[in-house]
Amino acid sequence: MAFRSFLKKSSSSSGSRMTIPSDQAPPKVVIGQQTDSGRFAGYSHDDLNSFDPSSAEYQVYHVQIPMTPDNRSVTAGGRSADLVDPAISARVEEHYISNSLFTGGFNVVTQAHLMDRVTDPAAAADHNNKNSSTCSIRGCDSKVYKNQHGDDVLPCDCSFKICAECFADAVKTGGGLCPGCKEQYKTTEWKEVVAGANNDHDDEDEEQTLSLPPPPPMGPAGKLERRLSLMRPVSQGRKGDQFDQNRWLFETNGTYGYGNAIWPDDGGEAVADDDDDDENGGDGGGGGGGGGHRNGGHGDPKELFNKPWRPLTRKLKIPAAVLSPYRLLILVRLVALALFLQWRIRHKNRDAVWLWGMSIVCELWFSFSWLLDQLPKLCPINRAADLSVLREKFETPTPNNPAGKSDLPGIDVFVSTADPEKEPVLVTANTILSILAADYPVEKLTCYVSDDGGALLTFEAMAEAASFANLWVPFCRKHNIEPRNPESYFNLKRDPYRKKVGADFVRDRRRMKREYDEFKVRINGLLDTIRRRSEMYNAREEIQAAGQQRERVGDEPIEPMKTPKATWMADGTHWPGTWIQQSKDHSRGDHAGIIQVMLRPPSDLPTKGGGDDEKPMIDFKDVDVRLPMLVYVSREKRPGYDHNKKAGAMNALVRASAVMSNGPFILNLDCDHYVYNSKAFREGMCFMMDRGGDRICYVQFPQRFEGIDPSDRYANHNTVFFDVNMRALDGLQGPVYVGTGCLFRRTALYGFDPPRAKEYYPTKKRKVRRVGSEETRALRATDLDDGGGAMNLAAFPRRFGESSFLIESIPVAEFQGRPLGDHPSVKNGRAPGALLVPRRGLDATVVAEGISVVSCWYEEQTEWGRRVGWIYGSVTEDVVTGYRMHNRGWRSVYCVTPGRDAFRGTAPINLTDRLQQVLRWATGSVEIFFSRNNALLARPRMKVLQRIAYLNVGIYPFTSAFLIAYCFLPALSLLSGQFIVQTLDVAFLAYLLAITVTLFLLAALEIRWAGIGLEEWWRNEQFWLIGGTSAHLAAVLQGLLKIVAGVEISFTLTSKSAGEEGDDEFADLHAVKWTSLMVPPITIIMVNVMAIAVGVIRTVNSVIPQWSQLLGGVFFSLWVLAHLYPFAKGLMGRRGRTPTVVYIWSGLLATSVSLILVLVRSPSANHFTFP
């Protein structure tokens, strides 16, 4: 295709490969030339403006790559002098990469610091040592697998020792020949090798295959067909050659039925059954398979070919008995509001026009705000995913997938953290462990940790988590542990032994609990360890510097030298990131980029445990002990660059992951949000891989929280938003992106339009002939489209940056993210089995390119942050990013996992922290309203109701001004002796009653179809008023200051709970931290309480009491106070520990009330008028 030929042209014109003598310095790889691994590196940043695809020479930048682990010289042809098997060399390279810390950045040489000694392949193994239990393949030091009796598993009669991974490499790349005797292996299946070794002592092994005479081969199937059952058609009439049922059962370990049989058609050509033995039935379209082996050359049996196609997801509509009355009530309340406002405008209170005018303006705005909030709720839906169908289509043996390997696409998980003090590393480590233990194919999962603070504490904590994962992850797989966050699991209130029938579960759990306690001790002691280590090394440096100075000066008096107080790593070298005592090149805003592969990419085949140690602490026999790849990333930061906070860190991870793993899907999680449901990844993948899933930009999961007080005083669970509003948006174009717990399609983040955009959103432009390949037509962006459907390749470097690694990965990610093309109605699908090929391993060039794409200068003159990736310019970058995707025509999906929540996290339960959080959200909404992301400027591709929902996101903070005024109206009414209406007319009371009743009926129906509680709805109403009278008003003022005066807004991170054990789990709930945001609600409370007292006293002492006006004013004042009750309770703190500030405010309130009482009871009370 044109895209690939462009890359080949640019790389092939760069010249020949370099020659590196072994006695010289580490080689410098010119990025822009083809490397020994066959990859293409990026061209220069300086030459971007003069970029010409047809030119043969480029101005290139250089990165320094350390010597390869084997330290061999390279000839002019680019080949090693001592040839090594490529598979073995790749494994050694990965071992080297995983033990090296890569650093670099702008005008800084990219270097690799070897954290651990790498075994030299020349001395890795002794080929003639038959007593060794290590693999005899050169360059591999893995242990040889042992059977259940402790004997080495040897697949060849020559007793050549080989590990499982090297055996798989020999089968794939070596033609199935033994590396020792060069003879053909008797079997190429590792399971059969292990089963044969165990059969010498145990005849009950289920995977044993008997050596029976094979039937004669038919057609081109050859060796594989001998393992499949054979049934001949009756029409052939071969009575003498009968089918041996017993022989078939022994050979295939099969059972009777359709699942394992091979049918030849009438022409004599064998066809394979496409069904499978899964308990959920077959799926002809999905490509299911049976228990035996399959051959891709066979067809399908005619009687099973047309079996019904099964979708991966389905919509669960709200019952009409609930939804129809709900929509009718919305219409009724809308009419009642219109009639009420009409009556209020016509019936003016001439005695208090100012009071009437204020109330009319507020009521008009409240009606408009309610309409914006209610209209997007007209079409709520629920969704459900079928995990059994996903497993049947992607992980069962089929003719295209004989071994039953996973055909699911890869997922890159992003975890972001910035400050280890406010985001405890123990919380982050538990999140990482829950991700590594998720129920998803190990080789398809990669976890990236973004440390935006560049702290050594976070780095070493992640290293400890990677080490502990070797025990925790297999333990979770062995006993099916839920949740797979060790802190949450060991703190479960329920019985941990419930539904656990394993004989060794109690012993394993006790040992794992002891290991986790030791792990926590190490994590909690890391800060002191780093400090003591750094002090020791710094003292040594000072002594050495003083000695050197004394040698130079002699006996002359000298002043003590000031050496930088560095932060030291465990191997005695300087930490390249942020030091504890910050200095130049080692501060939060000034440090080099860092990448460390903490867990290397796993092998393609399962690796069973239990064969290495004679007495393992926990028996992991028959448990896959592989771990997903774990990468630590800290992007480069330099003074003078705008790093764009979390959005910039996420974009750096997008680029680094595209270079290193290139998963077509990205899941982002906050450091305090862990995987609560190990199958959540599969739930989200059901929507992406279903029919029409290629038009889904992201799958948003609801946020659920732990550590919230039982009464949920400040509505931290936010269930009304996550269970009502988000379900309703799911019936439109999709839910908004809320910042965490979201599974993205990578190409949607790249700013491309959804597939078939012109079919869904036709334009009036003239038709242009479609050009380009299928891949180029699938990657189309409105601002890059030339009108013919092909990509503008010359604009890609300006859009995505200089790295050709990154550009090369884009069409690959798009193809791998396509749904399975197993049905004619699935458009833009891929063939089954297309993702069975193992991904390419890492080498030093790839990691060095990762360093370059996370550098501070990479985004200059590109579209990152404007049209690509997370969008910059707002503190709520999540909402803006989702809005841009919906604006291009993408749709999103809301996934509520049944039974168990997908993810769980922590939320601030302290009043001040909660108000600060709401302030940040509201400020972002104000920024959105005054930016080009305002929904009023949306493109026609966004649906009308979806546009209204986004418009409400930008408008809701402005309700605060009207809300504060309305909260003062009852007090002003009581103090002035007037009311918002002339008299309490029957029509006014009827309209008011209708509006109130319909509001509560709507709330009841929302509770019904959303499944929330009445208390949760009431808490949401209370905090809506608390936030509206405090944080929202401050957000509007800050947003206006930024727009008018250009004042930048800065926020601090929300502190996360470390989950420490203590006497009071909710101690933070009772802490009172004074903030200016508390002034408006306190003032409202004081004024309303004072007004009630004044109104009652005046009415009692008056000659003609106006009880109706008093009743109206008191009712509305009590309504305000009832909503502010959680706020007042939060000010009181813990019982007996009321803070001083509350006493001060109480004294002022008591004094004010006393003065008013004196004034009311004075002789001139009858002539009292409101000032």
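Residue 1 is the first one shown; counting continues down the chain.
Every residue gets a Cβ built from N, Cα and C, even glycine.
Annotated features in TrEMBL:
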- D452: active site (ACT_SITE)
- D878: active site (ACT_SITE)
- S416, K422, E423, D452, K645: UDP-alpha-D-glucose binding site (BINDING)
- K646, D670: Mn(2+) binding site (BINDING)
- 266-281: compositional bias 'Acidic residues' (COMPBIAS)
- 282-294: compositional bias 'Gly residues' (COMPBIAS)
- 1-29: region 'Disordered' (REGION)
- 198-223: region 'Disordered' (REGION)
- 266-305: region 'Disordered' (REGION)
- 320-341: transmembrane segment (TRANSMEM)
- 353-372: transmembrane segment (TRANSMEM)
- 949-976: transmembrane segment (TRANSMEM)
- 988-1011: transmembrane segment (TRANSMEM)
- 1023-1045: transmembrane segment (TRANSMEM)
- 1078-1097: transmembrane segment (TRANSMEM)
- 1109-1128: transmembrane segment (TRANSMEM)
- 1140-1160: transmembrane segment (TRANSMEM)
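The structure, with features from TrEMBL marked on it.
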residue : record                           : Cβ within 10 Å
S416    : UDP-alpha-D-glucose binding site : 22
K422    : UDP-alpha-D-glucose binding site : 13
E423    : UDP-alpha-D-glucose binding site : 22
D452    : active site                      : 22
K645    : UDP-alpha-D-glucose binding site : 17
K646    : Mn(2+) binding site              : 20
D670    : Mn(2+) binding site              : 24
D878    : active site                      : 24
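Looking at which of 320-341, 1023-1045, 1078-1097 has the most CB pairs under 8 Å to the transmembrane segment (353-372), the answer is the stretch 320-341. Taking every pair among S416, K422, E423, D452, K645, the residues recorded as binding UDP-alpha-D-glucose, the greatest CA to CA distance is 16 Å. Same-chain residues lying 6 or more positions outside the transmembrane segment (988-1011) and placing a CB less than 8 Å from one of its CB atoms are 318-319, 322-323, 325-326, 329-330, 332-333, 336-337, 339-340, 343-344, 347, 374, 377, 380, 720, 723-724, 727, 981, 1017.
Cα of D878 (active site) to Cα of E423 (UDP-alpha-D-glucose binding site): a distance of 20 Å.
Below 8 angstroms of C-beta separation, residues 352, 355, 358-359, 361-362, 365-366, 369, 372-373, 376, 729, 732, 736, 879, 883, 886, 922-923, 925-926, 928-929, 934-936, 938, 942, 1025, 1028-1029, 1032-1033, 1035-1036, 1039, 1080, 1084, 1087-1088, 1090-1092, 1094-1095, 1109-1110, 1112-1117, 1119-1120, 1169-1170 of the same chain, each at least six residues beyond the ends of the transmembrane segment (949-976), sit close to that stretch.
Restricting the recorded positions S416, K422, D452 to those with a CA within 10 Å of the CA of K646 (Mn(2+) binding site) leaves S416, D452, listed by sequence position. Each residue contributes its Cα atom, and for D452 (active site) and S416 (UDP-alpha-D-glucose binding site) these two points are 8 Å apart.
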